[in-house]
Amino acid sequence: MGSSRWKVAAAAFLAIVGALLPVDADEHEHTYLEKEEVVLWMNTVGPYHNRQETYKYFSLPFCAGSKKTISHYHETLGEALQGVELEFSGLDIRFKDEVMQTTYCEIDLDKAKRDAFVYAIKNHYWYQMYIDDLPIWGIVGEADENGEDHYLWTYKKLEIGFNGNRIVDVNLTSEGKVRLVPNTRIAMSYSVKWKKSDVKFEDRFDKYLDPSFFQHRIHWFSIFNSFMMVIFLVGLVSMILMRTLRKDYARYSKEEEMDDMDRDLGDEYGWKQVHGDVFRPSSHPMMFSSLIGSGCQIFSVSFIVIIVAMVEDLYTERGSMLSTAIFVYAATSPVNGYFGGSLYAKQGGRRWIKQMFIGAFLIPAMVCGTAFFINFIAIYYHASRAIPFGTMVAVCSICFFVILPLNLVGTILGRNLSGQPNFPCRVNAVPRPIPEKKWFMEPAVIVCLGGILPFGSIFIEMYFIFTSFWAYKIYYVYGFMMLVLVILCIVTVCVTIVCTYFLLNAEDYRWQWTSFLSAASTAVYVYMYSFYYYFFKTKMYGLFQTSFYFGYMAVFSTSLGIMCGAVGYMGTSAFVRKIYTNVKID
């Protein structure tokens, strides 16, 4: 296992690229000759209610079969990061070669081994195996009604379906219930039965999907409801802004015809009054530019990965979704550099190299920092989720030798192609004082309220996504996810435009951070929803699972907030530029 992970470290990029393409090496050709070796991989074992708390299968005192060597081994970077711990079962299985019930090993059950099995049974431990990339699940054992006696399942009855020279179906039946008594020997046995199947190879994963859950009427209704919200919101925003702005333009045109005395005596207010400050650089421009660049990159990654998942059915390969996301994130680094670097240059930033480093490592540092913290807990628990050192080297190599150079290229292009300030209004030398306004026009209030509608458009989909990741569902309706992403972006832009208009009309020109944070506040509501999901929709328990859940939910929510903030700012920036372009300002 150790040498294979060092291979991962040495060839990280090949592992990631390989995950995007159909794997065509060793058993992953998925074709077999008569009596050719078929490998049964033992993966992990762990408590049923804590999906992420997994351990090596042989961390429990199971015994392996007599066969010691196999002809091949395969592991990708995504598998290593997701805690896949493939270990050879030692069982001799040949294609189309039936095996009657055969004892493959015996367990000398001393007190320590019995206690380990009893603990596993009390905590509802289950294990996972793979044959030809098809997952198989089984339970370790069960207790009697009184919970006093505990029994171990000792007989693995495998039924494998084949279509031509391909394996298309695998089923496991656990039999041979044996009471756990110290200082006894327990014989472990298996059998293999082959049957011809009409299932096509392309459809062999359909049995693991749950259409009744993901294509439930509530799911369709939530999509339709969000779509109607978009139509209503876009129409409402268009109508309000068009009518309001038309009145504003008419009033400002009338003011231009007044003489100076009448203008001074007139009622001057509104968004035009801050034309000399609205394009003033934001506070903390380096961090702001880095956040915008990172948000644009996250949006690009989300859009591309969803499209790839729709086309390639990534759920059929172990770790392929994570490997694809890492590859796409590295490949889209120029997007981060372009938008972050150009915005920083427009705002007059001089320390562009520092900004480039912050933008390049903002998201990786957040993810790796969280993973590093959780890794300590995983190591303490001896869990399979502990990230190997070789995998850490691989990820660091990608950051320094792929992400950073591509980010540099994007930054240089952004500064040179669109880094010159081209604002429609001249920026005043002295900032205009911000007048007092009603409490609900304060930026803090706008920020808190800005994320409610975007969250309302996605929270039903959040339930399905959470369930697929934290429970035992395979998410496959990526068409729904794409629709939700589009709806989220439209709602976010509409809401931030309205919030910005109200802010500017109150003669407060601090719209950059307000537009970003009002959209990013969606993430706060998502994270709050994750608390509700944890306590009311799951039965998770324990330090490891709790830290894993809330740690990575914080990473997910923060990334979602940065993406929404960038989308909201980009849409609002286009709106602000548009309205001030159409106003004649002396």
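Quick reminder: no glycine exception, Cβ is built from N, Cα and C everywhere.
Lifted from TrEMBL, the feature list:
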type	residues	note
SIGNAL	1-25	signal peptide
TRANSMEM	220-242	transmembrane segment
TRANSMEM	288-310	transmembrane segment
TRANSMEM	322-345	transmembrane segment
TRANSMEM	357-381	transmembrane segment
TRANSMEM	387-409	transmembrane segment
TRANSMEM	444-466	transmembrane segment
TRANSMEM	478-504	transmembrane segment
TRANSMEM	516-536	transmembrane segment
TRANSMEM	548-570	transmembrane segment
When counting C-beta pairs under 8 angstroms to the transmembrane segment (516-536), the leading stretch of 288-310, 357-381, 387-409, 444-466, 478-504 is 444-466
Given 220-242, 288-310, 322-345, 387-409, 444-466, the one sharing the most C-beta pairs under 8 Å with the transmembrane segment (357-381) is 387-409
Of the listed stretches 220-242, 288-310, 322-345, 387-409, 478-504, the one with the highest count of C-beta pairs below 8 angstroms to the transmembrane segment (444-466) is 478-504
When counting C-beta pairs under 8 angstroms to the transmembrane segment (478-504), the leading stretch of 220-242, 288-310, 322-345 is 220-242
The answer for the transmembrane segment (220-242), taking Cβ pairs under 8 Å and residues 6+ beyond its ends, is 453, 456-458, 460-461, 480, 483-484, 487, 490-491, 494-495, 497-498, 501
Within the same chain, the residues 6 or more beyond the ends of the transmembrane segment (288-310) and with Cβ under 8 Å of it are 20, 282, 321, 324-325, 328-329, 332-333, 335-341, 343-344, 347, 349, 355, 358-359, 362-363, 478-479, 481-482, 485, 489, 512-513, 516, 559, 562-567, 569-570
